[in-house]
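Asker: Here it is, the structure in full.
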Amino acid sequence: MEEIQNLKKKNYKSVQKNYSEDYLGLDFSYQGLKHLSYSLFQLTFIKELNLKGNDLENIPGDIYILKNLEILNLSKNKIKFLPAKIGKMINLKELYLSDNFISNIPMELGSLYNCTVFEINNNPLISPFNLLYKDKKLLQYCREHNTNYGPPADRTWLDTVIKKDMSEITFSCGTYNILSNYSAVRLGYPPTWVLNPDYRKENILHNICSINVDILCLQEVETYNYEDFYKDQLELRCEYSSVFQPKGRSKNLTDSKSVDGCATFWKKSKFKIKENLVIDFYSKFINDYRFNKNINLVSRYGKKDNIALISIFEISQTKQTLIVVNVHLYWDPEYEDIKFVQAIILLEELEKVSKCYKNPSIVLLGDFNSLQNSSVYSFITQNSVSNTNLCKYNIGFIPGHFLKLSDAYLSEENDFTNFTPTFKGVIDFIFYSDTLELRSILSTIENEYCDQVVGLPNIHFPSDHIFLASKFKLKK
């Protein structure tokens, strides 16, 4: 246990003002405290809080604001009830609650997936909590039954224009990172039954069919799941044709069926496929003299095997060309330079393809693993990147493109497309060319719902990403 700084009987506000963030904890044990001041919860940097041996009867729910807390000692008080929001203190590793008057346990404590020390001895626990604690299964039980929150609002189409021509020809596109089973089963915060592969794929299928877009782009689809389930089920239920491409490592693995990749689906009645192309980012990178001469960049890139799928369609009603790009860029936030390199390759390849067709429309969508303030986003939407970042990335040349792409969700207040206990942000996008007019977008998830949970997946969402979709009109 880290040494607790001895700050007894200090005013909370003066503690915050006079002590730097080097102080890891506070010790207010045996001080006769009956109430906790809200000022305490402003000390969000502390990792350890000792409130043992006081006269506390209630713990304010706002204690969860101490998001960095790893050790919380509330033993030897007079506490009868635990606030459910303690379950949002996901960094807790040790929680001491012994010698209180606690009889019931909120299921939300099951979200404390990092908690390895949980003591609640000498409390009048009711059944089944008393027996579960003896068997060291109490937190596990809470995790499996942590379903005490209401569903989100129904997702609806939000019009982006006031007046529509009812005779206009529109089409819809959607993107959805469905979270691979390999990644899902390693998560510690959702109930394990929520992560069951069969349960998840049925929920994913239900989500897809309920939105029922004309063109669907999925990421993190495992090869066996595509071949054995999604390909046939989506053709049967939604009348989709499809194409799938696993990540590059599938070429060298014996068990290639477990490798995930990108899958693009389209309505057979509305589109005729002309061509499908694959962008293997590693292959393009390692064979490009602009990149492979940079030893540091080559070392950082390693064997990252991300891919993108380019599908060229003829729209059946109008005979116009539509290019749809399904992409999944590298995930790690520590590798902004690699994601930017992948974006350069992506836009250059897309520009080459677009020049092969007369006035094509373009929809570029997927999981870009990049925020709106990133170089990837500004490069795609503004064809720009700061000199500072160019120097930092050590690219060695000034990239550019002539594609005019806009973000379909730019005007929508959207707090996240990916939500986990450690990250909440917008990293999935739908970009479209100036030959298209945006007509509608699928509504996002309200903050009121997110306040109830520590992250996705959960009982309402089978992936840690949400489905994004847009409707477009072809310009004449």
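Glycine is treated like the rest: Cβ placed from N, Cα and C.
According to Swiss-Prot, the protein carries these features:
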- 22-43: repeat 'LRR 1' (REPEAT)
- 45-66: repeat 'LRR 2' (REPEAT)
- 68-89: repeat 'LRR 3' (REPEAT)
- 91-113: repeat 'LRR 4' (REPEAT)
- 114-135: repeat 'LRR 5' (REPEAT)
- Glu220: Mg(2+) binding site (BINDING)
Asker: Sequence gap of 6 or more, C-beta under 8 Å: which same-chain residues meet both conditions with respect to the residue listed as 'Mg(2+) binding site'?
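Answerer: Residues satisfying the criterion: Asn177, Ile178, Leu179, Ser180, Ser183, Asp260, His328, Asp367.
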Asker: Give residue numbers and ranges for long-range contacts of the repeat 'LRR 4' (91-113): same chain, 6 or more residues beyond its ends, CB-CB under 8 A.
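Answerer: Same-chain residues near the repeat 'LRR 4' (91-113) but 6 or more away: 1, 47, 52, 67-85, 119-126, 129, 138-148, 187-189, 191, 421, 454.
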Asker: Within the repeat 'LRR 3' (68-89), count helix residues (DSSP H, G, I), strand residues (E, B) and coil residues, in that order.
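Answerer: Looking at the repeat 'LRR 3' (68-89) with DSSP, the answer is 5 helix, 3 strand, 14 coil.
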